[in-house]
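**Q** Pasting the feature list from TrEMBL:
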- His255: active site, nucleophile (ACT_SITE)
- His478: active site, proton donor/acceptor (ACT_SITE)
- Lys257, Lys480: substrate binding site (BINDING)
- 119-128: compositional bias 'Basic residues' (COMPBIAS)
- 16-145: region 'Disordered' (REGION)
- Ser503: site 'Interaction with DNA' (SITE)
Amino acid sequence: VKCRGIVCFVMNKMSRESQHGKWTLSSSDDEDEDPSPLPSDGNPGKGLQRVEKTRGVGVGAGSGSDPRQAARSNQVNREKFGAGVTTSSAKRKKESEDTGWALSSSDDDCENSSFADHRKARNPSPKRTKPERARPASPHGASYYKEEPADVFDAGFLPADGAFRFYLNRVTGIEKKFNTGALHIKGSVIQKSFNYCFDISWMVQQYPPEFRDKPVMIVHGEKRESKARLIQQAQPYTHIRFCQAKLDIAFGTHHTKMMLLWYEEGFRVVILTSNLIPADWYQKTQGLWLSPLYPKLPEGSPFLAGESPTNFKSDLLDYLRSYRAPELEEWIQRIGEHDLSQTRVYLVGSTPGRFLGSDMEKWGHLRLRKLLSENTQRVQNEEAWPVVAQFSSIGSMGVDKTKWLAAEFQHTLTTLALNIFFTQVYPSVENVRTSLEGYPAGGSLPYSIQTAQRQLWLHSYFHYWSAEVTGRSHAMPHIKTYMRTSPDFAELSWFLVTSANLSKAAWGALEKNNTQMMVRSYELGVLFLPSAFVSDMKTFKVQKNPFPATGSSASFPVPFDLPPQPYRNKDQPWIWNIPYTQAPDTHGNVWVPS
């Protein structure tokens, strides 16, 4: 299959200077913070681990002016456990006597547009901007991405004809059998003319040499300095163009991860969870849906010919139109000329805006609710079927569960049967400490102390990450999945893989007495429903042994262990902007964010 061109939808990124250099984090993984300041005498309760003031330096990227250059050169500041090195700058630490949480003064800046009235009441002060968050680069040297022999990234067995077309990424440092049937951007994706964008020079290098000059359009949400850096990166590559996503609502982000891949024989859609950094393809757990190769329709066919039973074609076109971008008109026209009738998944997207009437059900969690209500069938004893939500970031949901989570979001997830058990899978501190990456894996799990202390009620839902079934217990999840399972966890009534984390910004929130839906961010995922595969099928069987993959199983490959296990007595949710110095990680480092 010969590649002709690509459209990549990428997330906006942010960078932040710290005493440990410039780190990078995709801001779209950050939560929509509750902006109200935490009282100085706030009490975190029992749900959070106490940490003591400590000396030492955490893991950070080099101080180069370009965070991507720092990531590529692996210039990092590392301190081994027990080194006793004091921080190089005397940044003032804030610590509530009652909470015991040590925070730097830079952690107090979180704001939200809903805080406007409170800001007006304050004395005039210089305008503050949302702080740019930080993600550390690899702390483990040049071997970090080269721990495996080169053939681990070869295409090998590519189960492109699998029933569900849902795959995990290949992970270095795990048993070989757990990568059989998994995909990697270079070996399994690029060699089949797939590609993904993060660091532009890295992206280009993933192509076979003969395809490195094919036209590429990158749809992004970058602004100001980060946009300038992105454009600067592309200067050597004249075949790369850009389209900026409109973000009209404060604190919205462009979080969608999708590729439209054009060939001489047709085109594909790839919807995935991977970020735009090389590390996301090596030692994290990621997922992707790979469409069939869509052929071109006969000349003169109607624009919406080649529709699938799931309305995937028209929904994809609606999603692209929501960008209101002239740069995408050519691609919209091209999609209309192709046959997408073999698609068996439903598109679940979010796009920024305030929606009324029937438009409320086009986006966010109301879109998911509509699909579930119209296309799922009741099963016996449905009230006993739990919902499992797994994510890598958590937003602010209010002082109790009735404010959003249980009021509207859980109502969507439990469509056809309310008041059921809701399980949430989110890595614990111990998960992160013992991961393949060690503490730096927590840079991709941006749950902040400010948010966590305001919703301690949420932590009773948490279950730790375990993925023995796929060999990925130590590959921290950046994948996001939501599913409804049978009481014995042997069946699924539906499964969703998406870019959307557990936040109102991603899923939307009802306003004005439930007559309006407000969504801040762009998100995209695909929903698997049994009836789309076999008309009278009510459930999927859960695949007991997804690896080594054969491509022939009719059961669904859930990425982690079922049933999820609740946090143990000493487990705490990973909080990314507080120190962890009591025990070293798998590389002998401690974590002290600036």
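Positions of Cβ are set from backbone N, Cα and C atoms, glycine also.
Note that TrEMBL annotation is computational and uncurated.
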**Q** Of His255, Lys257, which of the recorded positions has the most Cβ neighbours inside 10 Å?
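**A** Result for the most crowded candidate: His255.
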**Q** At the Cα level, what's the spacing in Å between Lys257 (substrate binding site) and Ser503 (site 'Interaction with DNA'), rounded?
**A** 17
**Q** What same-chain residues, at least 6 away in sequence, bring their CB to under 8 Å of the CB of Lys480 (substrate binding site)?
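**A** When sequence neighbours closer than 6 are ignored, Lys480 (substrate binding site) has Thr273, Gln390, Phe391, Ser392, Val497, Thr498, Ser499, Ala500, Asn501, Gly525 within Cβ distance under 8 Å.
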**Q** Please list residues from the chain of His478 (active site, proton donor/acceptor) whose Cβ is under 8 angstroms from its Cβ, counting only those at least six apart in sequence.
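**A** Thr273, Ser274, Asn275, Asp280, Lys284, Thr285, Gln286, Ser392, Ser444 - these are the non-local Cβ neighbours of His478 (active site, proton donor/acceptor), listed in sequence order.
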**Q** Just counting, how many other CB atoms are there within 10 A of the CB of Ser503 (site 'Interaction with DNA')?
**A** 28
**Q** Work out how many Å separate His255 (active site, nucleophile) and Ser503 (site 'Interaction with DNA') at their Cα atoms, rounded off.
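**A** So the Cα of Ser503 (site 'Interaction with DNA') lies 12 Å away from that of His255 (active site, nucleophile).
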